[in-house]
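Below is one structure, written out as structure tokens; comments come after it.
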Amino acid sequence: MKFAILFGGNSYEHEISIVSAVVLKKVINQNLEFIFCDEERRFYHIPSEKMNSKTFSTKAYKKEKELFIKQGGFFSKGFLKENKLECECVINLIHGRDGEDGKIAALFEFYSIKFIGPRLEASVLSFNKELTKLYAKSVGVKTLDYTMVRKGQNSKEKLSFPCIIKPARLGSSIGISIVKDEKDLEYAKDVGFEFDNDLVVEEFKNNIKEYNLAGCMINDEFVFSIIEEPKKKEFLDFEQKYLSFSGHNELIEANLSEELKEKLKDSFKKIYNPLFKGALIRCDFFILDNEIYLNEINPNPGSLANYLFKDFSTTLNALADQISLEKMIKISYNFLHSINGQKGKL
């Protein structure tokens, strides 16, 4: 299977998406194409040998072929004709806005482009933390209690401390603050409101454990990664979350009982099926007093969480093989023809 990796986007996580693509280039041992979406949402075909940080930080990518999207794929302008970029499946590796909020999913579905990544409905529900909590509750997965704080509205709910404040629509740890007492609350809210008009506030739990589990569905069977217990400080910050996914060090599976492992996998299944079919996702869970709570869904995890899988390439190819395009509706115009053949034409 020949893949094209789409990365970049107009997102706060633009640079991290570049790092993610460079890492994945080293992991996937097969022929790849690279499509860069810059901050103006223009697409460029990046040669494999130029997949490095300098190409993007110096804007040298603008010297490469610009691509445009239309029915069936990505194309570049040739001397006499348009040239289609040869690939069988696109990997959506744009983190945050554009890649995880549904824009790319809608674009690919509209233009009949086969891709690995969350579909439109899955993107919308996983990108907004408030909607994620409501969705998790609907499928029987617990989340921590929360309060919504909205810009321009005076919240009447009394907050307890310490608490953690998160922008509702941001696919990373950006804009998150731990507030230990009321005197720090307004500053933390101001930080969060720089990124979103809606904030999720949760009670901060000191004795909570976090575990990550990635997976996908292939031919109606779940394929799981190992379960990871990330090393962290008070919470998983931006650098920890994204600069540790290159897989240079061998991961050791979390030391959990078989009962808790099965509980985590069962919660993952409830979240994934059927909404996230076609995507390889990572769910971040909390365990508190032997109870499982969903923290967040990562629909496009850093470098597709390759470091958590024992045979990532095989999993990726098998996932791509079973993805099918939406069936096009045949328009016959019979109704309009019938009107046209009658008196009093439309």
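A Cβ is built for glycine as well, from the same backbone N, Cα and C atoms used for every other residue.
Here Swiss-Prot flags 159-211 as ATP binding site. Cβ neighbour count for Lys180 (ATP binding site) (all protein chains, 10 Å cutoff from its Cβ): 13. DSSP classifies Lys180 (ATP binding site) as coil under the three-state reduction.
Look at Swiss-Prot and you will find Asp284, Glu296 tagged as Mg(2+) 1 binding site. Following the DSSP three-state reduction, the secondary structure of Glu296 (Mg(2+) 1 binding site) is strand.
Around the Cβ of Asn298 (Mg(2+) 2 binding site), 23 further Cβ atoms fall within 10 Å across all displayed protein chains. Annotation source Swiss-Prot lists Mg(2+) 2 binding site at Glu296, Asn298.
The domain 'ATP-grasp' annotation in Swiss-Prot covers 133-327.
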Worksheet item: If one measures from the C-alpha of Glu296 (Mg(2+) 1 binding site) to the C-alpha of Ser173 (ATP binding site), what distance in angstrom results, rounded to a whole number?
Response: 11
Practice prompt. Could you tell me the mean pLDDT over the domain 'ATP-grasp' (133-327), as a whole number?
Written response: 89
Worksheet entry | By Cα-Cα distance, the member of binding-site residues Lys166, Ser173, Glu194, Val201, Ile208 nearest Asn298 (Mg(2+) 2 binding site) | Ser173
Worksheet item: Near the Cβ of Ser173 (ATP binding site), how many other Cβ atoms are there if near means within 10 Å?
Response: 16
Item to complete: Can you grab the distance from Ile208 (ATP binding site) over to Asp284 (Mg(2+) 1 binding site)? Cα atoms, rounded to a whole Å.
Response: 13
Worksheet item: Minimum Cβ neighbour count within 10 Å among the binding-site residues Glu194, Asp284: which residue?
Response: Glu194
